[in-house]
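K.L.:
Can you keep this structure in mind? I'll have questions shortly.
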Amino acid sequence: METASRSGPPSAPTAEWSESREDFALRYVPVGFRHWSVLSLFGVMLGITTALFFLAWGGVLVQTYGTRDLVVGMVVASAILGAISYLWADLASRTGLNSDLLSRGAGFGFMGSAFTSIIYTFNFLLFFAVEGAIMANAVMARWPQIPSAAVYSVTGLVCIPLTWYGLRLMNILMWVTLPVIVVFLGLTVWEAAQRPMTVDFWGYEPSSPVAAAAGPPILQLMATALALSSTVPVATDMARFIPPHRRRIGAFLVGPVFVAMTLLVPVLLGAWLSLRFGETDPGRYLPSVFGVWGVLFVVATQLRINTSNVYSGSLAYSNFFCRAFHFTPGRHWWVVLTVVLGTALMFGDVYSHLNDALTFEGVFIIAWVMAVVADMTVNKKLLKLSPEDFPYKRAHTSAFNPVGVVPVVFALLAALPLAFGLAGDYGKTLAPFLAGGLSFVLVPVVALVTRGRHYIVPSVAVNADPALVPIGSAAAGTAEPSDEERECVRCADRFELAEFVTCPFHEGLICSVCCASDGACKELCKSPRLLQIQSTAAMTSTSKTKES
């Protein structure tokens, strides 16, 4: 079970590393632990922008669409995804909830958001395998005598110790390797600049223009960029550690700035380098230019991105297995599962099937992201049909909320056939737009039909914190620090009072993780019998009060 998370800063070094190992994977981050500086979190996220995938991707895109269309498409995509990232990151900082916990109270319900978690994990497995393959290919290009199985195994498994202790060790890794990245990136740019340029970069047009049957080039580029909408929940998972009073600047940095740096800087640099070196894959031209030092550059960049992939994947697995199987061994053990499965994909050569995998993943992620955005903006702000405090506790939420689940299912049923070519190339281009748009439109429709009845369910398990409303409150209580702690009746750990509800099954205060992972209780707190007893007791008490 998750045993290390506490409400305030640890008092001893061992406890501090233990707490970092868990990183509040299954519960909200208390204000007492939201002491990370914005720059530290931004430094961790910079590991994503330095991934060689983006250099390779930029090379492929410029040679497919040309520079002008590439720039316009990436700018528009950055603006769209940046705005969405800001919404998610701002709420994460205010509430301390990660992308999964926010989804529970934004239309998906307790088990409904588990559906999003398991697909979300495939995003990190996929990119872990791709980035690991780039690193392995660089090593094998320099030392071809080393068996590929050994290279794949080492490049994959080395990420386990690097992410075992969560953000603390990741932060150290990011800043220690940053000078290596800066120096070699500078040398790469200098080396490329010395080479004769046979074409004008800003005016470059591919010799074989992209097929017009797939739609306007800029539309095709934006559809491709939407496959990286997974940057939105990634930013959210980091932003929950930002102190609430810094959430505006923090959300701006880990949201729009991070997205822009991801989609613009490395992609355009990769496009320029590919035209200079005549090769799109940096895993090939860097070792050929710098030899062993080029391999070191590749290894450093890929370790940075893969630690982020493993960390986010472990969070998603923690949430899924907690709800689906009531199994919570701790976030660090899901690090092992993420690495093992990602390494298996490397062995399975997923890199050769990357386009199909990205198509499916992109369509799903954008449908999920836009469903949550619709609930955040339309249902909560305009229609007032969704609780603004994002309830996330099992005792207070329904298993499946049709407001989020139904639109995503319909969006996938409509978009996935297009993504796999049912309507030709133009259909493939339109698939992610259809998925996101349909999901956004249907969420308010379902909320109106159901009148928002499925966000919160009746329960006798009320919040232990008297500052919170009895049922459903989440964000309202997590944005303020609290020195008051209680011990969980099940795991015996101590947490902030806002973390607890009164459990009729265990007859005491239970924390949200133990509540979520307990399969024996059969949700006794929601049983009609206990609710009737509670209602009768309340009426009796009211009657006696009036008589007195």
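Cβ from N, Cα, C; glycine included.
TrEMBL does not curate its annotations; it predicts them automatically.
Pulled the feature table from TrEMBL, pasting it below:
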TRANSMEM  36-58  transmembrane segment
TRANSMEM  70-89  transmembrane segment
TRANSMEM  101-129  transmembrane segment
TRANSMEM  149-167  transmembrane segment
TRANSMEM  172-190  transmembrane segment
TRANSMEM  210-228  transmembrane segment
TRANSMEM  249-273  transmembrane segment
TRANSMEM  285-305  transmembrane segment
TRANSMEM  333-351  transmembrane segment
TRANSMEM  357-378  transmembrane segment
TRANSMEM  399-423  transmembrane segment
TRANSMEM  429-449  transmembrane segment
K.L.:
For the transmembrane segment (399-423), give me same-chain residues lying six or more residues beyond its boundaries with a C-beta closer than 8 angstroms to one of its C-beta atoms, as numbers and ranges.
P.N.:
103, 106-113, 115-116, 356, 359-360, 363-364, 367-368, 371-372, 374-375, 379, 386, 430-432, 434-436, 438-439, 441-443, 445-447, 450, 452, 454-455
K.L.:
Establish whether the number of Cβ pairs under 8 Å between the transmembrane segment (172-190) and the transmembrane segment (285-305) reaches at least three, counting only pairs separated by 6 or more residues.
P.N.:
yes
K.L.:
Looking only at the recorded stretches 36-58, 210-228, 285-305, 333-351, which one has the largest tally of CB-CB distances under 8 Å to the transmembrane segment (101-129)?
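P.N.:
The stretch with the most contacts is 333-351.
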K.L.:
May I ask you to check whether the transmembrane segment (149-167) and the transmembrane segment (285-305) make contact, with contact taken as at least three Cβ pairs under 8 Å and only pairs 6 or more apart in sequence counted?
P.N.:
yes
K.L.:
Which sequence positions outside the transmembrane segment (36-58), separated from its termini by at least 6 residues, show Cβ-Cβ distances below 8 Å to it?
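P.N.:
For the transmembrane segment (36-58), the nonlocal Cβ contacts are 70, 127, 130-131, 134, 167, 170-171, 173-175, 178, 181, 185, 231, 234-235, 238-239, 241-243, 246, 249-250, 253-254, 257-258, 261-262, 265-274, 280-283, 298, 301-302, 304-305, 307-308.
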K.L.:
Residue list, the transmembrane segment (249-273) vs rest of chain: Cβ under 8 Å, 6 or more residues beyond ends.
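P.N.:
Sequence-distant neighbours of the transmembrane segment (249-273): 38, 41-42, 45-46, 48-51, 54-59, 61-62, 67, 70-71, 74-75, 77-78, 81-83, 85-90, 92-93, 188-189, 192, 201, 225, 228, 231, 235, 238-239, 242-243, 280, 282, 285.
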